[in-house]
Structures are given as C-alpha cells and as structure tokens.
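The structure under discussion appears below in the form of structure tokens.
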Amino acid sequence: MQWRSLVLGLLLLRLGLQALLALLPALAPGLCLRRRFPFPFPPPAALGPPAAPAGSSHWGSLLRRGGGDGGTTGGDEYERRYSGAFPPQLRARLRDAARGMFVFGYDSYMQHAFPQDELDPLHCRGRGPDHDPSNLNINDVLGNYSLTLIDALDTLAVMGNSSEFQKAVKLVIDTVSFDKDSTVQVFEATIRVLGSLLSAHIIITDTKQPFGDMTIKDYDNELLHMAHDLAVRLLPAFENTKTGIPYPRVNLKKGVPPDSNNETCTAGAGSLLVEFGILSRLLGDSTFEWVARRAVKALWNLRSNNTGLLGNVVNIQTGHWVGKQSGLGAGSDSFYEYLLKSYILFGEKEDLDMFNDAYRNIQNHLRRGREACNEGEGDPPLYVNVNMFTGQLMNTWIDSLQAFFPGLQVLIGDVEDAICLHAFYYAIWKRYGALPERYNWQLQAPDVPFYPLRPELVESTYLLYQATKNPFYLHVGMDILQSLEKYTKAKCGYATLHHVVEKTKEDRMESFFLSETCKYLYLLFDEENPLHKSGNKYMFTTEGHIVSVDERFRNSLWKDILPGEEDSAEKIKPNELKAVNFSSNCNRVPDERRYLLPLKSNYMRQIDRMVGLI
C-alpha cells in the first residue's frame, strides 16, 4: 500500500507542477518574468547575410525566414518576447540610454569638431567642406556653418536641457555666419539649417515654455533673422529657371554657380514648402512660400498622364524627366511627406488634394503583394520602384529612406498598411543590426551595404507606437538602440557603418544622427515628455525638427501674388485635423480604440511571422 500511496503522490505532484507551468504565462507580468533583456544589453548574435533559398525570387521568403535571433521559434517565444507590459523601469533606463547616446555624440562634437560642420568620430576631429568641388557627398551638406550644432538645437530642448540649449543658441548667434564662399545643396541647407533655426526660434518665443525655461535673455529674434538671411541666399536657385523648379545648388555668397547642373531630384526641389512657408508666415513676406509652392506645382504638373506618377530626376529648364523611376525612397520620399505636412501645418486644401491623388496612385502602381496584410494568398505588401509612365517594375531593390513611409501612413490613418511595411524593414534590421542603404529583395542581400546612422526606421517605430501604444514597438526601439551601441559607437561619437555585414566603420557622424535618430529614440521611451502632452500641437519636419501647429501659420500670404487661387483656399483648423476624410482607398481615418487591443492578437503575430519569430 505504501508504494501505491507513493505513486499516487508523485502523480499528484506532477499534475500540480503541470498546472503551475500552465499558469505561469498569466502570472508572468506581475512576476516580471517576461523581462527578457536586462540592462545593459547582452550582445546580439552575429548577423550575416541570408542565403536565398533555391528558386526564391520574392520578398516573402525573407519575411518568413528567421530573423537575427528569432529563427523559427513558435508562439511561446512570441509570448515571452513581445506580449505583456513593458517594464517601466526598463523603459526609463532606455530613455536615459538614448539621452546618453545623444550626449556622447554631442559632447564629442563640441570638444573635437566645433566650429566645423561635422565630427569624424574615429579620429576625433572636425570636418568641413571639401576643397574638391566634385565631392558632392560632402559639399552638398557642409557649408562651413557649424552644421551639427545648429541641427541639434531642438533636440536639446526636447530632452529638457535648458542650460545647454541656451548656451548653444548663444554660440550660434555669436559665431555662425552665412556669408561664406560655400556651395551647398538648397534642400540640405533648408531642412537641416533653416528648419532648425526656425524650430529653435519657435521654442524660445513660446509663451508656455513646455520643455522648461528655454528663453534667452535679451533675445531679439536673432535666429529668425539668421533664417531670413540664409533663405535670401538660397533664393537665386529659383531664378532663371524656365519651369520654376530651382537649381539644386547655390553658392551662399555668389549665387548659382556658372557651371550649375540643370538636373535636380523631385524630393530636393519639392520639399522646401514647410520651412519656406513657416518663414514667410513669421515674417509676413510671401516671397519664400511662393517660390517653394511654385516649385511643387511645377513638379506636380509634370506627372504622367497615364499613371499620375512622378519621376525622380527632372531637367529644370525643359521639364523633361531624366530619371523615370517612381518610388518612395531617395529622390522622391520627402516630396510626398511635405504635401501632407504642408496641409497639416498651413491648412491649404490643395496640398491635401495633391497628396490624396499621389497616395492613390502610389497604391495603384507601387504597391505589390496581397491586398490584406495578414490574410490571403501571395506575398505581404511591399512598395517597389516602377517606371513613372508605365507602372512597370524597374528594379528589385528598395532603399533605407523608404522606411519613413510607415510613419507617414500613420499620419493619414492607414495604420494597417504601416504595420506591414514597418515589419519588412524591421526584419531587415534584425538580420543585419542596421539597414543597408539599398536592399535587393529578390537576391535577399544588400546592393549598397553602408548605413549612415539614418533615422527613418526609428521615426516610423516611434509614430507607430504613438498610434497603437503597443509594447512591440518599444522592443523594436530597444533592438535598434542595442545595435547602434554595439556596432556604431566609436572613440568620439557614433560612426557610419561602411558595411552592414562586416560591421566596418567610416569616419563620419552625420548631423541627422543627433537631430533625428537620437531624438526619436528618446521620445519613444519618454512617455512623460511635454511633446506627448500637448494635444497634437507639434509636427516633425523631414529633418525631425519640431514646429507648432497653430493659427499663426494659417494666413495665406502667398495668394497676394498668385491670383486666382482663392477657390482652393479652404482651410482646416488645427483641432479638426483628426476628422479629415481621405478619398477613395485613402479613406482609412484611424479609430484609436480599434488599434489598442486587436493589434496584439492579429497584427503582432503577423509581424512576428514576417520576421520569422513564429
């Protein structure tokens, strides 16, 4: 009888243990058993390029294969890694880590590079314009005007560092001049320098001071005057062009160079309206918005009659499309972004009409894959590069700049499609620990393997988290932060990855790393930031600079010199933006309640299938 009692006891013990194990997933959040990544981060597994399966020629296999650390794990791994609450203590540590990343890069620049434009993080020295005028990769951006300091101004404010913000503003006022014999790209000077000066000016003059005391003693609108001075020096780019589309480059002292190129990209010429429009409306001078808006309309009128698409390179004198590729990446990206953001900021209905038409044509001709994200036959959705006139596929690569598009889709309420596209780029990040500049989805390998610390994936991650509040995106941000710390940190700052597979570095830290990448990471983890408690008061420019959405920017001064535009002057007030209806297949205005709970059970699992975790 004793042995029978012993067997029965063991059996009951086994059943009890099994019941306890079954209950553990439900108890785990309270017991903190799902905190997979303690801080500091454990090193990720070495990530190498995937070998394409025999006969594979589509992107779906990438999304179905294992990621860098996911492999072919099942639902248990999904539950363990992504579901449940994100521990607030971990979130606070990640916020501090993102701030520390910015501080290390910023302090390194100030110590080793200022007043030059950029920091060389491997040799701890500064970098300015190249004496070789053909080195456009450098000279388009660097104008000998302390670029990195200017570009980082509003990040200092967003992080609440009032003392350093005030010090930096005074340095800019006292030391920076645009009276330089520097030939710069109009687009880069506008989004990085002009946009940051305007953003900092708006922060300083905000009577509510939401980020702390960012006021400057005896401030006399100096940053606004500097922005005006720079914009005046950029205006010659809009002269002597038969189409109204500006020259791509201008010398800040001499105007358009005699040997200037007559070819420019769509994004470069058509993404000036936000900054130029803000400047015009702050100054009460319509000139700047008028030339920028004229360029947008000129490009818009050159779209294909057949597809409604635009190319990526155009001749500013003839209006002939030199580059016939239509896509969402380099050469095109911010053109679409600024159609929508100009509307959000200025309330001009014609901007929304152009965006709606553009978005409809993108959906009709660039989107490939099945109609629904997480159901149906075929590959998951992807946006490809096509011929603007025929809609036929031109190549099989996408570039990292396209990772901004899910964030733009969030702004118009197309959250479902944004989730799918974001998951594709996150799958690539998981594979390499970075986004290669170009990725060939057919060969499943990088075409251009460098990564210059771009922010687009972080930006979309942040905006998707704001739209869904799903902790999955906090995990994504943690992965990105981990990869940046492991692979790009250098002796003095953070360095471009020369090769995402080999993890070799280049001696360059572009200014957008501080103005965008660090800012979006910080805001992702800083739930209590004043930016999140402003009732959608702020909008990000394409360089990540914050500008307020308010009535100051609703006066259409440009119509004084563009007669006949009154009929298109219908305005939408800032507090009415959420109620805007988008026509045709753009009619996907988000219902916030819809995405909070179903997202976990439906889309989260679909995303994990795409990156190979289940």
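Every residue, even glycine, has its Cβ placed from backbone N, Cα and C.
Listed in TrEMBL for this protein:
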type: ACT_SITE; residues: Glu188; note: active site, proton donor
type: ACT_SITE; residues: Asp333; note: active site
type: ACT_SITE; residues: Glu437; note: active site, proton donor
type: ACT_SITE; residues: Glu456; note: active site
type: BINDING; residues: Thr542; note: Ca(2+) binding site
type: REGION; residues: 58-80; note: region 'Disordered'
type: SIGNAL; residues: 1-22; note: signal peptide
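Looking only at the recorded positions Asp333, Glu437, Glu456, Thr542, the one with its C-alpha closest to Glu188 (active site, proton donor) is Thr542. Long-range C-beta contacts of Asp333 (active site), restricted to its own chain and to partners at least six residues apart, with a cutoff below 8 Å, comprise Ala267, Leu401, Gln402, Phe404, Phe405. The CA atom of Glu437 (active site, proton donor) is located 11 Å away from the CA atom of Glu456 (active site). All chains included, 24 other C-beta atoms sit within 10 angstroms of the C-beta of Glu456 (active site). Residue environment of Glu437 (active site, proton donor) contains 21 other Cβ atoms, counted within 10 Å of its Cβ in all protein chains.
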